[in-house]
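> Mind having a look at this structure? Questions to follow.
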């Protein structure tokens, strides 16, 4: 496991006093209640918290999938709060990568086509050497011609991971990527994400509620009621479980 | 369950409306046709009833057979008959009347030729009551040889008023000038069903209409206390055998029936277009419900799981269909009233003017609208509804069931069998002339076969047609994938367009062949240099004096006039042409098979080889022909001929024989050749000069004649295609609907694409290209089918004068391209919707 880096100078993304409010009047929910956090380049960060803690909202706001009510969000040096839908789309396409919990792949496209999708949308082709490296890393070389329906859940998530990596994004966002997988497939996917960080220097921000998954991260951030309440560097599964128990209790 | 169905509807108002509109358009055509037909019938009925109001009994010649085209001018009777009728006890007044041809000229000297309606010259009734609803609106009744009264519509349209001079052309030829002394109205109407009318006193009318001392009919008014039937019987007793007396009710009934018969062609045609629209609309409904059922598989399974019975599910889906059908019928009924106005405009455009009056909405029309709208919707929704009940309850627990990708074997076998039977039948029909049965059955089998197999054709077609689109980038590539993704859905969406385009292209092939045939006839059968016809398609002909005037010109070789009529032979009505045997062979080649055209004498006739064979006649046989006015006459068969393409008649007689048996005196066409050494343009110039006094004669050389005939065909084709355009429009609505439903279905996928970097513009492009592809598939299939069916139809109509098969290339190509491009329009709304998909909601697991 690589040593955690904590230099503030090399920040891939950060939020400053970010607030996200849903609803109006009496039914107001403060999903994010003043979150300020940096995500270091080349680090694997896990965001944890009970249901409704705001962890997914934080990820969505960071990734430009959702807008913040107040505060600032930066990807690298780019403040994304004021970007148009079109700019946000291009930002996601060119600078970010995504792995969602389910439904990551376009059913009509083969695995290979899904992997190349963001590049093709940009009118570009993948660098063949890099594509080969990524495909080899996720262990899908013999599955490239298959459509999603012909792949197992674990394979589908690995295709999604390969797609997220193929553009060499500044940050890979993963939203409960193992949420719908059995333990073996989860382990395979997490091993791949870990390798991406260690071997390719990939920055990863992952939301999860699985302590085993979070334990593969360099750093774990705990959210509760829209606020950061705890943070651990290179914790073990046990450490995380303890922290979660405190939050839950 | 009822509530579930209605709630489902309310949640999808827009789609409901869109689906209903497709049927409503078809229904509106049905209603529009009925409303227009009823309105026209009611209008004419009233008009004729008013006209005959004061006449209790009419005396007229007894026709040997009645036939719509010959109803115009009955055989005249001597005027002294009027006195004999007047002496019958119970007759208050009796007056002879005469009707003939009188073409008025406007103030600039141009003929006033109404479209479709005749130009009448009549005698003005002296007895006001016998005049019926005819009344003088201005001025006074005409009296003396130089006075005329005209109908109010003509006066209004052309700025004539009492005190003006007006020039009128008669059957005899030369125009004459009259003093306009009165303007006539017909009750509320300004004219008589669109006809122009010039009224003279009886003596003048007999003179100018060329029948001195004769009347067409005698109008009789009864004294008080005697019924029409009684009077009719009394009058009939004094009449010779070839005359009859009929009551007012009989006359009105005949007129009304004639109007209905005249309208029935248009009514049938309009209802045919309505049927096409409804068929296309039915496809759309079927498709929509299929998609809905597929999308709601889980919902239905859940309902089944919690205890809903199959029958209840069926009822729920059908309830939705009933609601759509009712809405469609109501919309269609309302639209129909507008459509009837549009159809009336369309009729006016082809020259059939219909008087305006209150629209007639009869209960039958409402019932028809409801039955058609509801019926088509229910039938179209039945299979999808039944399919909904086949969802196993366990499906609720699985991911939404994806529709089966494989075609049912039955469908493939049936479609294949139909194609296997239909294509050879079509080829056989194309290979030879007049194989109508094979053409019809082959077309039907091929068409249905294609539609059944269409889903299997979708993938290859998408691959081929989509290749250029896929090259445009990822959006195009995805569009191609999506179009091929649910072949059955794509196929049935495209099929709606196929139906419309097949008909449009087939019509175009037939029309093109028709034009080529006219050109071919002119080359093959015509030997004349000039063809003279009335310059309006609707005019009955040109005065015989025009031909006389040309005979003396030095530039002219021969002048050969032709007339037409209808006769009955052994109970069957056929066309007869009257020609001048001395000149006919020099202007036309009719392919004489036996005998000699130039030797055809009065009291003889020639028939086509087919007719002679059918009746078992030999040359020299005495044959009884029945003429409408003069009844049975025995004529000698002088010879046979084969080529009817120029004359369009199965029988030939001489002009004197014609004049003995028909009251018409106008030449339908006059063929003219140049004298030796005279160039065509010199001939034409001299003929035009000579006919300066005949403003309604069109002098055309063969090229001009050809072009004029072509223009007529084109106009008709334009009209038909405009009506078929409705079916194409409905099909495009279908594309909109299917795409909108697909977008709904793919919300998550679209969200995912947006999340990983697809721009809104790319999303829109993707949907747009998908629409274009679906439309292109429909267009290509429709064009191919249309060409095949059109070729077969054109060959099948060889007997109707389409002797040449000519397949247009450019027009079908343009139709196909425009059809495909229309997909862009269909995609506007769905594409906008797709671009607005909420990314977050789509990617967050539910």
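From the backbone N, Cα and C atoms, a Cβ is placed for every residue, glycine too.
So TrEMBL lists these for the protein:
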DOMAIN    B:17-237  domain 'MacB-like periplasmic core'
DOMAIN    B:273-393  domain 'ABC3 transporter permease C-terminal'
DOMAIN    B:490-689  domain 'MacB-like periplasmic core'
DOMAIN    B:722-837  domain 'ABC3 transporter permease C-terminal'
TRANSMEM  B:270-293  transmembrane segment
TRANSMEM  B:313-339  transmembrane segment
TRANSMEM  B:366-389  transmembrane segment
TRANSMEM  B:410-431  transmembrane segment
TRANSMEM  B:443-470  transmembrane segment
TRANSMEM  B:491-514  transmembrane segment
TRANSMEM  B:722-744  transmembrane segment
TRANSMEM  B:765-793  transmembrane segment
TRANSMEM  B:813-831  transmembrane segment
> What same-chain residues lie close to the transmembrane segment (B:491-514): Cβ under 8 Å, and 6 or more beyond its ends?
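Non-local partners: 276, 279-280, 283-284, 286-287, 290, 447, 450-451, 454-455, 457-458, 713-714, 716-717, 720-721, 724-725, 727-728, 730-732, 734-735, 738, 774-775, 777-779, 781-783, 785-787, 789-791, 793-794, 797, 801-802, 804-808, 811-812, 815-816, 819.
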> Taking helix as H, G and I and strand as E and B in DSSP, count the residues of the domain 'ABC3 transporter permease C-terminal' (B:273-393) in helix, strand and coil.
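Helix (H, G, I), strand (E, B), coil: 99 helix, 0 strand, 22 coil.
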> For the transmembrane segment (B:410-431), give me same-chain residues lying six or more residues beyond its boundaries with a C-beta closer than 8 angstroms to one of its C-beta atoms, as numbers and ranges.
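Here the qualifying positions are 438-439, 441-453, 456, 788-789, 791-792, 795-796, 805.
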> For the domain 'ABC3 transporter permease C-terminal' (B:722-837), what are the DSSP-based totals of helix, strand and coil residues?
100 helix, 0 strand, 16 coil
> Going through B:270-293, B:313-339, B:722-744, B:765-793, B:813-831 one by one, which has the most CB pairs that fall under 8 Å from the transmembrane segment (B:366-389)?
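Counting Cβ pairs under 8 Å, the winner is B:313-339.
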> Average the pLDDT scores across the domain 'MacB-like periplasmic core' (B:17-237) and report the rounded value.
86
> What same-chain residues lie close to the transmembrane segment (B:813-831): Cβ under 8 Å, and 6 or more beyond its ends?
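Non-local partners: 497, 501, 504-505, 508, 728, 732-733, 735-736, 739-740, 742-743, 763-765, 767-768, 770-776, 778-780, 782-783.
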> State the non-local partners of the transmembrane segment (B:765-793) in its own chain: residues 6+ outside its ends, Cβ under 8 Å from one of its Cβ atoms.
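Hits for the transmembrane segment (B:765-793): 426, 429-430, 435, 438-439, 442-443, 446-447, 450, 454, 457-458, 461-462, 465-466, 469, 472, 475-476, 478-480, 482-483, 490-491, 493-510, 731-732, 735, 738-739, 742-743, 758, 805, 807, 812-813, 815-817, 819-824, 826-827, 830-831, 834.
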> Which residues of the same chain, at least 6 past either end of the transmembrane segment (B:722-744), have a Cβ under 8 Å from a Cβ in it?
15, 18-19, 21-22, 25-26, 29, 270, 273, 276-277, 279-281, 283-284, 287-288, 291-292, 295, 346, 482, 486, 489, 493, 496-497, 499-501, 503-504, 507, 750, 767, 770-771, 774-775, 778, 819, 822-823, 825-827, 829-831, 833-834, 837
